[in-house]
Amino acid sequence: MNSIYKQDRSITHLVKTQSLIDLLEKDHDDLIKQSYSISYYHSNIDRDQAEQLLRTKYSASPCEGLFLLRDCSASPYDFSLSLIHNKTFFHYKIQLIYDIYFSIDSGPQIAGIENLIRFYQENADGLICILSKEFVKGQPPPVTLRLIGFTNTLHRACQQGNFDIVKKILSSEYYIHRPDINAKDSQGSTALHRASFIGHDDIVRLLIKEGSHVLARDANGATTLHRAAAGNRPSALAILINEGLVNCEERNYKNCWVPLHEAAFHNSAACVRVLLDCGAPLRPRTDQGKTPLELAEESKSTESINILRQYKTPPAKSSRLDWLHDQSNFDRHSAKQLMESSIDGPTMGMFVVRRSSTNLDNYALTIFYDNDFFNFEIIHPNETTYYIDDGPFFDSLEHLVDHYCRIPDGLPTTLICSVNRSKEIVLSRMQPCITSYMNHQTKDGTFRYHCIAVLDITTGLKYNFNHQKSFENTKSLPNIQPSTSSIHRPKVLSSLNSSMNSLSSLSSRSRASSGQENLLSNSSSSLSLSSPSSSLKPIISLNKDENSAKHLKSFVDRRNIVGGKIRPFTPDFQTKSRSNQLKIPGMERETYKYYELNLISPDQINRTAKLGEGEFGEVYEGFYRETSTTIPVAIKVLKDYSYSAKQDFLREAEHMSKLNHHCICKLYGIVDSNDTDMMMIIELLLFGSMLDYLLKYKLRVSEYRLKLWASQIADGMEYMESKGIIHRDLAARNILLQSTDQVKISDFGLSRCIDSDVYVQKSDSKIPVKWYAPEAISLGKFTSKSDVWSVGVTFWEMFSYGAVPYGDMSGSDVYYSLKQGKRLEQSTYCPEYMYQIMLKCWEWDEKKRPSFHELVQLLQNEFTPLPPNRTRRKSSFIGDLTKEQTNEQHGMNNNNDNNHESSNITKL
């Protein structure tokens, strides 16, 4: 990275031969020239103006995929991509997730707005077509939103450590001519990255004061802390943490390294000490599961090895008495009931720790956030290791709780208070009190700077439920101040992870904007809205003087919309063929092993007849040769190799691999080879879908058999519920028949694996509204109770012999009908007791719906198996469904789809 500066002349010498203003103006002119090829940005134009510009250029020189980039009128930090194809205009929302990471819908998260455009110039990946090399000329996009920029005088002065020149450039005297302080150089580093790596402490301090983004990522995904740690600059590291208020545990999104990994690998012993003194966990893990000590041993960093081996983790502050409930019968429901037993209900960040219901060696963390409960398994493989997901290893449960009290680190919020066995609320002993140093801002927004402090509360504060009072309408903690004697500030201030502190909403990443480009993008049902995040009011707010930085563009952090973490995708722009498969980064054999997926060789698979096709690709009948056995199988072949499609395909396989039940389709494994299509090898069920069977043989299906199938579906769903998997697409079309006496649940394309009570859909992909619970339609909120609603609709399909739920009603009409208390009417062929079970499944309040365990019991109470030698009676009903009912398409209502589509495209 230093190579670009090696030939630079001394800044001190240059300002003797040219004025500083001349140098800055030359930088500006050179940047414009360099950016000519990406001058597709048009600020301050709306949708109609964009279409007029496209129409004019297209009429003069027709070009499919002609496009322009503009500001999103509904969101101050997002953009809109407008293009023309076949004389029709299309508009797509480009969402800024974090710093310079952008995505369209659930597509790849790409660093740099220019790289995202370039990616879609080579891959349609869900767009109506690839973007043309031609565009409507405007101006270059903001330089701070690009991955690679231009090396200017400010970068050179920071590299050379010329404090006086840096100070002059940033002074009000040069305001008109100065470059953006957060602009990247030609290697993708900001001025602060350069100064931090070289160790020019006075410049680091000045850049922070003037509003440089300490959390900005360079082209390699590193923050300024990573660069200071790699350069062994302990004093710069301390300044960034103490004055820049940056979280010392921020990860590099390319390899999941935290600054301690960098320091250990580069033998930056002094930086290792600084980070450990700041409370950084001793054993964080990379994407390959390596700790700092393991990296130090690989690089033979002797000093770092000695420090890390000899370091003794300080005693934890928290106490198990405050939050642990290890009774054998205390499960997630008990935890929920305990926290709900408060007069005012649970508060955001309230938590308890309990034994895991699925593995008694492990624990589980139940936390309340944004009006819902979330559950996270705490893995405990040995006496000195506790961890959550891909988080750090901790020596004890207490240390783990301390960590997540300080920062969320992947959780939806920090742990703020707990409930003990006496039903008292206990304020966490290591409690962050302030929101992050940045709030949400706009592309033209103001710069808001906050101090961050972490309270080390050595004496737990307890409040009885009966005396709890909320001090804000979001049910935050009561504003009870601990005594000053119980508060200690650490040597270096620590920041919070932004997934809690950000004020961004959980707005969906729309694939194409609505007519008004609403932040809450409509799904095809026009009803799939995302619920806004709650935010915690700061107790203390120390605002910096904003006048000196009011001209700055603001740092945007909305990682909570993608689950708290960035998963960057690096496009391969050297590959010319657009037909090549897009590989998910890091999806190698080790990853399949991690997900417990069996990787099958293409030579073991033989396709025969084609059974059907869908949006993911095609389904074939075939054979799987496993050792000396040949097994008939169904083969799902992925044809859409977009990034998001492949992720969905693998997620479906991952969920199926976790299930082993006689009422659920079995997965044998995955075929993924560069020489063949990607395939999923699953159990072959030649009787086809239950829906098709009912429509074709309805006169042969007895009430007895329908009840048998219903019991099997409930049994399979009870098993899935115990595994923490929600299906999200239960319908008769997704139930397959092994025989007339056995059905199996299939099609896990929409399923989600959770250890929580809720999954919130954050994309606006098409959804089967007529099978969805009200909260799933309106909020995108899915739980096992929303699956219960869907199974009720599935039962209605069964006892209506394949009729379409709600007939030809649109999705919006269905929702408002349900809201008014109306439900599907009892079919002529449906027994009264079965319809009463359906009505229980369709309770508006999800808490009143039965669990699948309860549903199994209800069905067993009503179901009496036939004696083995008894002749089974055919169904006695006569008559037929109307042609209009049986021929209507199952799935989303066509009118509904058309209405949605028309709001996203405009004819020329």
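Cβ atoms are placed via backbone N, Cα and C, with glycine included.
Marked as ATP binding site by TrEMBL: LYS636. The domain 'SH2' annotation in TrEMBL covers 40-135, 323-419. Taken from TrEMBL, the feature domain 'Protein kinase' covers 605-864. What TrEMBL records for 504-534, 886-908 is region 'Disordered'. Taken from TrEMBL, the feature repeat 'ANK' applies to 187-219.
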Task = Over the domain 'Protein kinase' (605-864), work out the mean pLDDT and round it to an integer.
result = 83
Note = Neighbouring CB atoms within 10 angstroms of the CB of the residue listed as 'ATP binding site', all protein chains considered, total 26
Query = Which residue counts does DSSP give the domain 'SH2' (323-419) for helix, strand and coil?
reply = 20 helix, 35 strand, 42 coil
Ask   = DSSP says what for the repeat 'ANK' (187-219): how many helix, strand, coil residues?
value = 17 helix, 0 strand, 16 coil
